[in-house]
Amino acid sequence: MGKSLSHLPLHSNKEDGYDGVTSTDNMRNGLVSSEVRNEDGRSGDVSQFPYVEFTGRDSVTCPTCQGTGRIPRGQENQLVALIPYSDQRLRPRRTKLYVMASVFVCLLLSGLAVFFLFPRSIDVKYIGVKSAYVSYDSQKRMIYLNITNTLNITNNNYYSVEVENITAQVQFSKTVIGKARLSNITNIGPLDMKQIDYTVPTVIAEEMSYMYDFCTLPSIKVHNIVLMMQVTVTTAYFGHSEQISQERYQYVDCGRNTTYQLAQSEYLNVLQPQQ
């Protein structure tokens, strides 16, 4: 009994020591196994999403992979791209430069539009009488004058101008002796000038029949009478109409058919009303 009692504590101590070592090892093994399980779990999670490379027509270029990655075609609206905050695409360069350039281009185009489309004057210059053809009615003591006049119309605009009509009348001694109207005449191009002739038929009769004796008097070589030429030119551009009027006093020979040169016509244009 003594030996058995003496060995029991030793045995128990050994067993306790063994159990302590075993428990310590078990704890270490438990920690290791738990870490292994965690790593296995992570590797299992990663293994659920294997690396797949998409090539060919079934994929498109990934916009966040610098053009080197591919994503399945048809999933562009389902996938979300994560872009780093420091990505250059989130901070575009030269934004101020682009804005200033856009503003400058807009201002330049606006200035050019205003410059070219701004309405400028249309100049009408009465050149004079080009020709006068005379005929008489001796029974009624009437004089018929077909007077052809010349106008220069200058378009100072950078777009075409339409000459809609020309209205003219001739006065003798404050009495209107002839009228004429021409419609849909011509178009004048940008920065262009056109010369237009128009004829006004006139009749001198009734209370002015005394002029018949003057115009048919054979002792006088030149039978000049003073006529006032009035002309109104109507032009149109961009739906806007504009009228320009001119008045000139002109010598006309009522004794014979006469063709005037432009220089002579200018010389005869001496009696003008004071403005």
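Even glycines carry a Cβ here, placed using N, Cα and C.
The model shown is predicted, which means the values in this text are computed figures rather than measured ones.
Among the features that Swiss-Prot reports, N-linked glycosylation site is placed at N146 (among others). The Cβ of N146 (N-linked glycosylation site) lies under 8 Å from the Cβ of A132, Y133, T199, V200, P201, T202, each of which sits 6+ residues away along the same chain. Reduced to three states, the DSSP call for N146 (N-linked glycosylation site) is strand.
Under the DSSP three-state reduction, N152 (N-linked glycosylation site) is assigned to strand. Summarising the annotation, Swiss-Prot assigns N-linked glycosylation site to N152 (among others) and lists sequence analysis as the type of evidence.
Long-range Cβ proximity for N165 (N-linked glycosylation site), meaning a same-chain Cβ under 8 A and a gap of 6 or more residues, is found for R181, L182, S183, N184, I185, V233, T234. The N-linked glycosylation site annotation in Swiss-Prot covers N165 (among others).
The 10 Å shell around the Cβ of N184 (N-linked glycosylation site) contains 9 further Cβ atoms across the protein chains shown. Taken from Swiss-Prot, the feature N-linked glycosylation site applies to N184 (among others).
Per Swiss-Prot, the feature N-linked glycosylation site maps to N257 (among others). The Cβ neighbour count for N257 (N-linked glycosylation site), using a 10 Å radius over every protein chain in view, is 11.
The N-myristoyl glycine feature in Swiss-Prot is assigned to G2; the stated evidence is similarity to another entry.
Taken from Swiss-Prot, the feature phosphoserine applies to S34.
Annotated region 'Disordered' per Swiss-Prot: 1-24, in sequence order.
For 2-97, the entry in Swiss-Prot reads topological domain 'Cytoplasmic', with the evidence type sequence analysis. Residues belonging to the topological domain 'Cytoplasmic' (2-97) score a mean pLDDT of 57 in the model.
Annotation comment: Swiss-Prot describes 119-275 as topological domain 'Lumenal'.
Remote same-chain residues near the transmembrane segment (98-118) are listed as 158-159 (criterion: CB distance under 8 Å, separation of at least six residues from the stretch ends). Among the features that Swiss-Prot reports, transmembrane segment is placed at 98-118, with the record citing sequence analysis.
Other Cβ atoms within 10 Å of the Cβ of N152 (N-linked glycosylation site) number 13 in total over all chains.
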